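Visitor: For reference, TrEMBL lists these features for the protein:
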type	residues	note
REGION	1-70	region 'Disordered'
COMPBIAS	1-21	compositional bias 'Basic and acidic residues'
COMPBIAS	38-48	compositional bias 'Basic and acidic residues'
COMPBIAS	55-67	compositional bias 'Basic and acidic residues'
DOMAIN	182-363	domain 'Aminotransferase class V'
BINDING	Leu205, Thr206, Phe233, Pro234, Ser235, Asp236, Asp318, His321, Tyr343, Trp373, Asn401	pyridoxal 5'-phosphate binding site
Amino acid sequence: MAEEEKMPEDGNPTDEGKTDEGNPTDEGNPTDEGNPTDEGKTTNEGKTDGGNPTDEGKTNEGGKTPEECSCTSEKVMQFLQKMAKESGTEDLTDPALAEFLSKSDGLKHVRDQFYYPKCGTLPEADPSLCDPESDSIYLCGNSLGLMPKATERIMHEQLDKWAKMGVFGHTKGEIPWAHCDEHALEGVAHLVGAKPEEVALCNGLTVNIHVLLAAFYKPTETRHKILLETKAFPSDHYAIESQIRLHGRTVEESMVCLPPREGEVCLRKEDILSYIEEHGEEIAIIFLPGIQYYTGQLFDIHAITTAGKQKGCLVGWDLAHAVANVPLHLHYWDVDFAAWCSYKYMCTGAGGLAGLFVHERFKTDHRDRMLGWWSHRMETRFNMDNVMDLDDGAAGYRISNPPIHLVVPVMGMLEVFKTVKLEDLRTRSCYLTGYLEFLVKHFFDEASEHKSSKITCKIITPPEFHERGCQLSLQFSVSIDVIYKELVKRGVACDKRYPDVIRVTPVHLYNNYVDCRRFITALQEACAVAESSL
């Protein structure tokens, strides 16, 4: 077993300023387009009373850091009350309010850029419990995002090109396949807050974790530990275990899994920083998730990265649940390396092409790594002299040629992001999750006088908006099997994580307030069935 450490109580390092290069700018600040008000328009009153972020959430140079997320539960409630009054109802749980909110949403048009499943097309939906022709309640974008319509168009174009050109498609046409990944670099780099030369699109997430650890994990007798969280995603855990063994160390001595405090499910930032302050000189690599898959907790990437680097650690991140979910500024935050998948919030489909980030400080650092012919500089790649001419930057961490049919969905998603800013979607996300959080607590919290079932649930995702993204993790007081089965029958797409958590995710790209309200009705019905079987 890996080593588990007790939590110290203090030791917060302070944030050090970074250079201006690569800083997010005012372009990343929420605009009126992202405000959830009537027809996307706002007034001065709407900006304040409606709960929309104001200038107080902005900084001059550094953009928005997690601590500076300006949305709060109080602002969400003010917004709901204001909109309820405008809609003619005093009941914040009224389904009519959800309809009014969805119709008034300034970003409602983004949903139209996706194929949204009907209840009748979900394989386990029961037509006696939900209308097959109605939209499903798809709250599973944390697991698999929906398909952008642009992806279908671009895929047909490339399949047609293959049919008509064959091998010439590698070098001809608008998107030569041999360089197709490079066509998406600028857009993806923007999503993660990086320079294009710091990003590569290749492989799957776990493969990229191996690629990066093989290059950056250089254990010594005094600094050989890798720090991760207890109950990390299994694939990350296994990758780290295997890299430790491949480097001649033992998991027992070199793998540190940091647990939350007793009785808690989320790691406190101050405990992470305190551990780094006390033990940082033993740590070779800190490798944490941007957002924890089980709890939905968003970590303070900037503060933790700064703390690790002050102690001489390399700091890497698994951004599977963070990329395209929340704004990222990897270059400015001075992250050493990172990896992510793309089939969740980037909506590239099952097994979609993953990505990696390597900070530009390593651009010409030709350290030993896993190599292939696509690690070789393009200008001399086809000399075929078997003398490696290593490419600079993240491109030098690629191994094989890019798969066009996996690059296409990345391009399709980037077409969506040409029409909307992630920062505006982030604002929308706060209101969607805030609304869903209010409804869950109103009807299912153990302390609520309005609870509609003996079965209760609590939200284990942090309540602060700067500590979470789109996902809410619901922990139930009974076994989740019956509840989950009944939800699926009612046209709900969500997922379960044993022993007792159901994850629900109103994705800022295509979900709306009606989806959230319909989920609550389905959950009430599911709990009633589960309660009758107790």
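Backbone N, Cα and C atoms are what each Cβ position is placed from, and that goes for glycine too.
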Visitor: Could you please provide the mean pLDDT value for the domain 'Aminotransferase class V' (182-363)?
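Guide: Result for the domain 'Aminotransferase class V' (182-363): average pLDDT 98.
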Visitor: Would you count the other C-beta atoms found within 10 angstroms of the C-beta of Leu205 (pyridoxal 5'-phosphate binding site) for me?
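Guide: Total other Cβ atoms inside 10 Å, all chains included: 23.
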Visitor: Validating a neighbour-count step here. Other CB atoms within 10 A of the CB of Phe233 (pyridoxal 5'-phosphate binding site): how many?
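Guide: Other Cβ atoms within 10 Å of Phe233 (pyridoxal 5'-phosphate binding site): 19.
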Visitor: Near the Cβ of Ser235 (pyridoxal 5'-phosphate binding site), how many other Cβ atoms are there if near means within 10 Å?
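Guide: Excluding its own Cβ, Ser235 (pyridoxal 5'-phosphate binding site) sees 15 Cβ atoms within 10 Å.
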Visitor: Return one of helix, strand or coil for Leu205 (pyridoxal 5'-phosphate binding site), based on DSSP.
Guide: helix
